[in-house]
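Below is one structure, written out as structure tokens, with a few remarks after it.
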Amino acid sequence: MGLKIIVLAKQVPDTRNVGKDAMKADGTVNRAALAAIFNPEDLNALEQALRLKDKYKGTTVTLLTMGPGRAADIIREGLFRGADDGYLLSDRAFAGSDTLATSYTLSCAIKKIKDFDLIIAGRQAIDGDTAQVGPQVAEKLNLPQVTYVEEVLKAEKGKITIKRRLERGVETVEAPLPSVITVNSSAPSCRPRAAKLLMKYKHARTMSERQSQAEDYIDLSADRPYLNIQEWSVNDVETDAQWLGLTGSPTKVKTIENVVFQAKESKILTASDKEIDELVKELMLNHTIG
Amino acid sequence: MNNIFVICEMDEGKVADVSLELLTKGRSLANTLKCQLEALVLGHKLTGVEKEIFPYGADVVHIGDDACLAPYTTLPHAAVINGLFKVEKPQIGLLGATTMGRDLGPRVSSALYSGLTADCTALEIGDHEDKKAKKVYKDLLYQIRPAFGGNIVATIINPDCRPQMATVREGVMKKEIYSASHKGVVKKIDVGQFVKPEHLVVKVIERHMEKSRVNIKNSSIIVSGGYGMGSKENFQVLYELAEVLGAEVGASRAAVDAGYADHDRQVGQTGITVRPKLYIACGISGQIQHTAGMEESAMVIAINNDPMAPINKMADYVITGDVMETIPKLIKFYKKNSK
Ligand SMILES: Cc1cc2nc3c(=O)[nH]c(=O)nc-3n(C[C@H](O)[C@H](O)[C@H](O)COP(=O)(O)OP(=O)(O)OC[C@H]3O[C@@H](n4cnc5c(N)ncnc54)[C@H](O)[C@@H]3O)c2cc1C
Ligand SMILES: Nc1ncnc2c1ncn2[C@@H]1O[C@H](COP(=O)(O)O)[C@@H](O)[C@H]1O
């Protein structure tokens, strides 16, 4: 029995490789200096979906991402690794969304996709480290959720069995389908791009990308519909404007501060016997040690 | 009405440390706001749990005791909290940033349409002026947290939605008894009123818990090693130093990633927050994500061969030298002087 799986994936700035030029002089983040990458745990999520596809014949994997136009890269990356298709949700109306507005918008798009058995998200996105969107999508769709997933053991007879990682232990749980699960970085990493798929999907584009291509661009998507990446704006998805974007975000950023240290006055020592001996004596005298 | 609620978590039959830490914080916020502090505990076989909670300053303890609430699964817990919060209308709701809190918090915030800020490192009360709307908000919860991989610190507010919800990691707030004789009111929750059969669809088949092996959080001296230790073998001198000092061994993420130490020793933003009497940082550069977890140490000694290492800025003593030369000397002279 094949499953219809939707994978939620986000394009994020690579906060793990923050260089010296990542902060501007005025203390704001210099987004241009950070590469945009596939959120790492979303790759773990994709791998779980692809494993189910390997295991259960007829399974399809659909990516869903919300972001600016360039987030179409996320869909392409997914196609190169074995996903079947994908949707990019992109509109100014979605800009400035916090996790709640994001999950609202994603859940509206999922309702439009309609036919699915399982939604797989990453546990958290490295730009915010919030881990909220998965559970919030589940709530908006009125579906059960299982977070911190390390392995989907099986998905049969309308049920899914899952191993999940707790702080100090592991748990095996069973949930009905459809459900929402979020996958941990401790799950297996994603398989690499497949050369064959890279060839097949190299020219996959959204409508807006196609329109902004150079003149000599040859559009093949009419003959090869799989090269068309679906792009949805606010008009394509049934939403209520009051829950979208900045308006739909209950959390507001009041202030942002760049982190600066006040240097303490410190005693500078060398590792000579004499100085270490004196340090130890001093620490013992003031009862820090001993 | 409009009080502060702390959603408490049980850990091996006792109230989890992180919940007691949040109660301590909640008590001081409640004093500032002149409102009450209420605790909420859900689980099974909770008899007497209020005795653990009252000394931390709770005025009311809501207890939902039912077999369907243990082991933890999301939906029944969320159903009870959503139901109770709709009646009680708290202004603030706090949870631990644990696997449970991070599973439950977003579910509840989504249902109640209230903002939630994850992993706060400080919580304060303050006002906010919305210049555009010409509106002044009094006594909001400032939810302060690092963002962008720790490179900035953001203050988040929820001006219009209630409750204002936040999660906090274990060890970030201090745990302090408010008054050993403090007593409040116990309110039993009628769990059956909220939990319906459709909430019981996720089943825990098996759970295997490991006992926590190390407890660096409560250690008064921490000897911490970084990538500069060079190898897992070299880490051994840290254990020796810890042994003679009666200390625990901590590590930076780079050291953990390199396999020099286990993850439960990691100090920092994605590890544990510690505030020992003495923190000895050995071969640790002192990136913000690390120092976020140890900056409240009473005294810091940095051992680093780079005189410009950022960690030196926050150290009381800077030893510029090689770790493998310096640490054995510390052991040697400690033994000599303690005779
Ligand atoms: C989202 C996010 C979360 C993170 N969370 C954490 C966290 O919780 N905890 C954490 O620690 N990090 C965390 N990090 C990583 C952090 O940014 C740093 O990369 C890490 O702390 C560096 O570890 P380190 O100081 O051991 O290694 P390095 O930065 O490589 O520093 C090694 C130091 O050792 C010194 N050294 C080298 N050889 C010797 C020698 N022989 N003798 C003496 N000194 C020597 C060097 O001068 C250098 O200062 C996080 C990063 C991100 C993006
Ligand atoms: N804009 C988005 N588009 C698609 N998926 C998202 C988006 N934001 C968050 N997600 C999903 O939700 C997970 C948790 O995100 P967060 O709550 O931001 O940490 C991510 O790992 C993604 O799977």
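Note: Cβ is positioned from N, Cα and C throughout, glycine not excepted.
Quick look at what TrEMBL lists:
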DOMAIN    B:4-204  domain 'Electron transfer flavoprotein alpha/beta-subunit N-terminal'
BINDING   B:252-253, B:266-270, B:283-290, B:Asn304  FAD binding site
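Positions of TrEMBL features highlighted on the structure.
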residue	record	Cβ within 10 Å
B:Ser252	FAD binding site	33
B:Gln266	FAD binding site	23
B:Gly268	FAD binding site	24
B:Thr270	FAD binding site	18
B:Ile284	FAD binding site	32
B:Gly286	FAD binding site	23
B:Ile288	FAD binding site	20
B:His290	FAD binding site	29
Filter the binding-site residues B:Ser252, B:Gln266, B:Ile284, B:Gly286, B:Ile288, B:His290: retain a residue only if its CB is under 8 A from a CB of chain A. Output in sequence order; output 'none' if empty. B:Ile288
Within the set B:Ser252, B:Gly268, B:Thr270, B:Ile288, B:His290, which binding-site residues show a CB-to-ligand 1 distance under 6 A? B:Ser252, B:Gly268, B:Thr270, B:His290
So, three-state DSSP: helix, strand or coil for B:Ile284 (FAD binding site)? coil
Which three-state DSSP class does B:Thr270 (FAD binding site) fall into? coil
If I take every residue in the domain 'Electron transfer flavoprotein alpha/beta-subunit N-terminal' (B:4-204) and average their pLDDT values, what number comes out? 94
